[in-house]
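Visitor: Before we start, here is the structure in question, set down as structure tokens.
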Amino acid sequence: MATTTPSPTRSATTRTTRTTRTTTRTYNDAIDALNSLQTPYAAIEARRRAGIRPDATSVREMRAYLARIGYTPRDLDRLNIVHVAGTKGKGSTCAFVDSVLSRYQRRGGSPRRVGLFTSPHLIAVRERIRINSAPISEELFAKYFFDVWDRLEANADVAADDAAPGSKPIYARYLTLMSFHVFLSEGVDAAVYETGIGGEYDATNVVEHPVASGISTLGIDHVFVLGDTVDKIAWHKAGIMKPGSPAFTVEQVPRAAEVLKARAAEKGVGLRVLDIDPRLAAVKIRPDATFQKKNATLAVALAETALRRLDPSFSPDPDALPREFVDGLEQVVWRGRCEVKVEDHVIWHVDGAHTVDSLKMAARWFVGECAGRAGGGPRVLIFNQQGRAEAVDFLDGLCNTVKDTGRGFEHVIFCTNVTYAATGYKRDFVNHQHNPADIEKMTQQRVFADRWKKLDPSANVMLIPTIEEAINAARGLASGEHKVQALITGSLHLVGGALGILESADAL
Ligand SMILES: Nc1ncnc2c1ncn2[C@@H]1O[C@H](COP(=O)(O)OP(=O)(O)OP(=O)(O)O)[C@@H](O)[C@H]1O
């Protein structure tokens, strides 16, 4: 990967730092420093108790940090940003757009460079910042991480009204800030941004002139931050629509659709609501499910809009998708979503669903996969959610969707989000945001177990401390010729840890 770093446009007030330390600081040093920016559990709890929710200060703060590292929001226009929000499917939509755009060349024939910023990560933090679909290397990550770090320190007092002098952005905001620096320095032609939480007050919303905005399927998630009804949630997500930029969405539940429409009208944005694109009939979308076709439809509209900006001669064919689109959609890699891994004694079904609706979707996908196989050994569920009391309500739909096929899970394992039995968390997964005492005592897992026993008294319910031990327990359930059919779901943290264990951890 090229490592040339043209100087960013520097605002008049910032100073460049000259440091030799960058070359000696490693990826692990960067991850340790990044982890120090996590908001500790006690602080999160205190905010929650005081009812403090994110507001417009988060975007003002991002602008201040952007200035401290030498950029203005105008500089971000050079990235031709496609901005995506939504409750479900935003990551998949972003991956589709990236995969399609990466298949196009610049005029003159050199390959396009496409940036992709997503969250959370599955196996390693650097997955969140990709160029042409590949996570940036550890070396590049460390270099840019400490560039940003040093610039923030050297310009600690710039825009002091909007961010405390000398402060650093919290974890997710730091990565967002860093991604801008990476993409601008690496000369990407277009960048696809997935929002973290919501939209209006999300760190990515410092982007003022996206090429296009997309809002994927809306539902209930992140209730404390965004509100407990779909219309409140839609209000936040609609915050990424910007005057002068086209916006797209898919069919939504009526309350969400109304709010999106009203917010678009308020902002003077032309919002298009897309039906499933008939051209997708000729494309093998995986999984072959309506929800994924909605994601692909949104991605096609976003990619077409971005390509028109990048190459004014690009003209979409209303009857068929170009080869680059078909290949991009069919060959997209988006790990940890509806993923199947086959071992000698276990077929693992891995899906990072973590809302009521998406867990039902994941359960349907699992039973569909199982139905396609003759016989089939025991059905095993490995489930984790950490730190969200409402997660106990995720279990009903998951349990019933499988049970309604006439056969539920024979074994159900609830584990914590700790990766390894001997060494605890992998560095990239260190998490200060959960209550350590709850993890130690498996408090939440006990609540899940009680609920499951009520939902399905015939299931063998187990509490197992770590992801590694949960996987080994599922492997131990194999007997006879039929493979165990295991579903791993409930959180991306679990899924990422599991994938790291099921394969070599550096197989990104
Ligand atoms: N449009 C959709 N409607 C409902 N469920 C979906 C949709 N798209 C994906 N899912 C489910 O949600 C899971 C996560 O998909 P994806 O990563 O695209 O969503 P996301 O919006 O990025 O959410 P998060 O990052 O919070 O997981 C998928 O594995 C699938 O089970």
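Here the Cβ of each residue, glycine as well, is placed from N, Cα and C on the backbone.
Pulled these from TrEMBL:
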REGION    1-25  region 'Disordered'
BINDING   Ser119, Glu194, His222  Mg(2+) binding site
BINDING   Arg337, Asp351  ATP binding site
Visitor: Return only the integer: C-alpha distance in Å from Ser119 (Mg(2+) binding site) to Arg337 (ATP binding site).
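Guide: Between the alpha carbons of Ser119 (Mg(2+) binding site) and Arg337 (ATP binding site) there are 14 Å.
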Visitor: Just jot down the residues in the same chain as His222 (Mg(2+) binding site), at least 6 apart in sequence, with C-beta under 8 A of its C-beta; none if empty.
Guide: Ile197, Gly198, Ile233
Visitor: To test your reading of the Mg(2+) site: which residues beyond Ser119, Glu194, His222, same chain only, put their Cβ within 8 Å of the Cβ centroid of those residues?
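Guide: In sequence order, the nearby non-listed residues are Lys90, Gly91, Thr118, Pro120, Ala172, Thr195, Gly196, Ile197, Asp202.
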Visitor: If you draw a 10 Å sphere on the Cβ of Glu194 (Mg(2+) binding site), how many other Cβ atoms land inside?
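Guide: Around Glu194 (Mg(2+) binding site), other Cβ atoms within 10 Å: 25.
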Visitor: Cα distance, Glu194 (Mg(2+) binding site) to Asp351 (ATP binding site), nearest Å?
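Guide: Here the two Cα atoms are 19 Å apart.
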Visitor: List, in sequence order, the same-chain residues at least six positions removed whose CB sits under 8 Å from that of Arg337 (ATP binding site)?
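Guide: Set apart from Arg337 (ATP binding site) by at least 6 residues yet with Cβ under 8 Å, we have Gly91, Ser92, Asp351, Gly352.
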Visitor: If you draw a 10 Å sphere on the Cβ of Asp351 (ATP binding site), how many other Cβ atoms land inside?
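Guide: Taking every protein chain into account, the count is 24.
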Visitor: Quick one: what's DSSP say for Arg337 (ATP binding site), helix, strand or coil?
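Guide: It is coil.
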Visitor: How many neighbouring Cβ atoms, not counting its own, are there within 10 Å of the Cβ of Ser119 (Mg(2+) binding site)?
Guide: 21
